[in-house]
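Summarising the annotation, TrEMBL assigns transmembrane segment to A:16-37, A:44-62, A:142-162, A:193-212, A:224-253, A:260-279.
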């Protein structure tokens, strides 16, 4: 095995894992705090990616899509929470699954009606359209490195927000001991609104960042949704730290699996998940359990 | 006579009755008063709409050139949009041969949809000419006396690429593709072509369709110690792959090559990343022969668009149909004679004249092309008069 090839693959794994973290962090909080299995989270990723595609083709300025994805995501998340999800927290998981599955169908149909079913490549912004050698034989596009840095930065913001702020500790309390929220006299409804809005914004931001790396195509959110649920389960539901480390782990295992065990590449992450669940049924970083 | 050698289907009975009602003779071969219903089942919406439109326009161009007739019959074109949706394929084919009573079929682009057409042609005896979809099965194990192809088998272009690489001195190469039938069939062609020229396929790198996380595959390539990389991607996936290959810094050290679809119709968005990429296909830009020059001018005049490989395949589908009709005095139900007519014809194609192999697939030159300034320039012949092996085809 050549070491420089391994190094390039590790970098690929980290980059992929950090992108998974952006999507999974919202998913794990929504699941952890509100107890909702939000299947439509992948659609938020898809919408973010198509937003980047539309912005890039209309204006040529892809970076514009990033603030728009965040603001649009906050608004969309808040609207979904206040308009729909709020009524489903006390319902059974089956009802929630039906609701969120219906949302997937709605979003995909809307995407199909407005933008068609084509596969579109999204150009990398011109100033980042060059490559940086990472090993003697393999280069990395500057855009890919930039995404890696942005993801790390967002992860840092998430840590600080969750660990160092009052509202962050309220969210943690809501995820770990929901009854504490009432005992402390916190407004659970505001926490729910905030978590949903931020989670949705992160998924849309991830989509916008990923569009030049992944292209945009119908149902692109679903393949990411499944792998992100693996991240959530492995990391421990409701844990941001868990989502972070699990996302990196899954990103690495998936990438190295594809590179070195191509025959069973599709299975490797699920074998890992099964192993983790046998060893620690509530995940690596299960909060408060 | 055909009616003696095969059971009279409802469709040909209908044609017969119509002929009788029109006061004609009770022989379909001379029932030339009624128009010939040609079913054009093609994508007129969705991802492949432009391909379907070019195929249909080229069929119409041929008919117009012949004064509104084809093989001595007046055609009635029945367009049916298959949307490239395999889920509706069977239903659409049933509409075409049932409700619309198509007597011959031309279709389609998508390889998942075409199998429903092949199936219907085998079961009902309605002749089918495939103007694009390259599934090898259609002219191998599922071949039929009533199924013809004017395009290519997936195996052919990739075989040409493999052979051309091996002849240029490439000893080791790898193949990158989506993990689906077209990718695997092309990969087999690439491997066979390399082997025929003394080279070797050392690894196939695959990812699930339509994922685009190419990085884990690309990062393996430097370690494989290969002289060239072959690939099969099309459309948006091809744009992404060619750009990432260049961004990974591989393009200048290990030449990227592929089946022609890698750079077909996508050179614009691929930009500089595609410059110099060599591909193999049965057509290309700057192909210098009188037929091609005339065809491109006529197509441009009629549609205001430039002709492409899909237009050529549509035009040749019409030429093949005409050859079958001419051999049967306009009767597509004369199965054996219709097939003999097409088989013995030399199709004067803009790609260069070709004939059909015993399994009804074109025996054709596969050209080597190089992407330069937004064109896939033909720079040579990768494989001359190449026939698909037709493995497993038993005409019954």
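Placed from the backbone N, Cα and C atoms, the Cβ positions cover glycine too.
The transmembrane segment (A:16-37) shares the most Cβ pairs under 8 Å with A:224-253, out of the stretches A:44-62, A:142-162, A:193-212, A:224-253. Within its own chain, the transmembrane segment (A:193-212) has Cβ neighbours under 8 Å at 19, 22-23, 25-27, 29-30, 33-34, 41-42, 44-53, 56, 62, 65-66, 68-78, 80-82, 85, 122-125, 143, 147, 150-151, 154, 167, 171, 174, 221, counting only residues six or more beyond its boundaries.
Same-chain residues lying 6+ beyond the ends of the transmembrane segment (A:224-253) with a Cβ under 8 Å from its Cβ atoms: 10, 13-21, 23-25, 27-29, 31-33, 39, 41-42, 45, 155, 158-159, 162, 175-176, 268-270, 272-273, 276-277, 282-287.
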